Amino acid sequence: MLKFVVLLCAISCALGAAVPEGMVPQLDGRIVGGVATTISSFPWQISLQRSGSHSCGGSVYNSRIIVTAAHCLQSVSTSVLKVRRGSSYWNSGGVVVSVAAFKNHEGYNPKTMVNDIAVIRLSSSLTMSSTIKAIALTTAAPANGAAATVSGWGTTSSGGSIPAQLRYVDLKIVGRTQCASSTYGYGSQIKPSMICAYTVGKDSCQGDSGGPLVSGGRLVGVVSWGYGCAFANYPGVYADVAALRTWVVSAASSV
């Protein structure tokens, strides 16, 4: 999420792609207003790592497939990517596996952030356990006001160090129509492939990108973008899994 123009420039350069003014993907990891947790409470959560450092989150779809955000996989090769799963800590524990291939949504647009979703195929299958479990994709978008949870790793305040332990925050779903209304500040930037979530003083932020927004025990969103971190009247924006479900199912079988 956007903090300042300097941050916008830095992330734009790192991504190697155009980023619209005021809009920044969540690349560096922050759960604002959240608390520490363990992987057994969020066993679908993974850490997507570039060259040994946490880069983005993701969700276990099945033993070989991870769902994440397309903006997490721009200008990168599989040779520098690994996935750590089954650990509460991004930098230790669990099992680390290489990435064999990935596929971004063909309609992903880094300027508008539409269709910000991707699938990753791992080089070896996961063994399911109490700390590694797949999460089902929702078949319908949750109702406006429904309870939801987002999880991830990262700093909890601007300029802070990255905590090693997984964190989560409870939010409320803001439906697409409501998120685009005058109640909030986005207007026409909210597209059919997006859903929002918001609670005053709580949010996902840079680096939680690609991570899971869960409601009713199902994956309903993928952390995508927003203005600021827990800024008033600016919900976090997520790829809408209900709207993109058909693509995910197809891509998972062909990546």
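Indices start at 1 and increase along the chain as displayed.
Note: Cβ is positioned from N, Cα and C throughout, glycine not excepted.
If you check Swiss-Prot, you get these features:
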type: SIGNAL; residues: 1-16; note: signal peptide
type: DOMAIN; residues: 31-253; note: domain 'Peptidase S1'
type: DISULFID; residues: C56-C72; note: disulfide bond
type: ACT_SITE; residues: H71; note: active site, charge relay system
type: ACT_SITE; residues: D116; note: active site, charge relay system
type: DISULFID; residues: C179-C196; note: disulfide bond
type: SITE; residues: D203; note: site 'Required for specificity'
type: DISULFID; residues: C205-C229; note: disulfide bond
type: ACT_SITE; residues: S209; note: active site, charge relay system
In whole Å, how far does the CA atom of S209 (active site, charge relay system) lie from that of C179 (disulfide bond)?
19
Fewest-neighbour residue among disulfide-bonded residues, criterion Cβ within 10 Å, set C56, C72, C179
C179
Cβ neighbours of D116 (active site, charge relay system) where a neighbour is any other Cβ within 10 Å
32
Which residues does C196 (disulfide bond) neighbour through Cβ under 8 Å, counting only same-chain ones at least six apart?
I173, V174, G175, R176, Q178, C179, Y184, Y186, I190, P235, G236, V237, Y238
Going by DSSP, is S209 (active site, charge relay system) part of a helix, a strand, or coil?
coil
Can you figure out which of C56, H71, C72 (the recorded positions) comes closest in space to D116 (active site, charge relay system), comparing Cα atoms?
H71
On a count of neighbouring CB atoms within 10 A, which of the active-site residues H71, S209 is highest?
S209
Spatial separation of C56 (disulfide bond) from H71 (active site, charge relay system) - C-alpha basis, Å
10
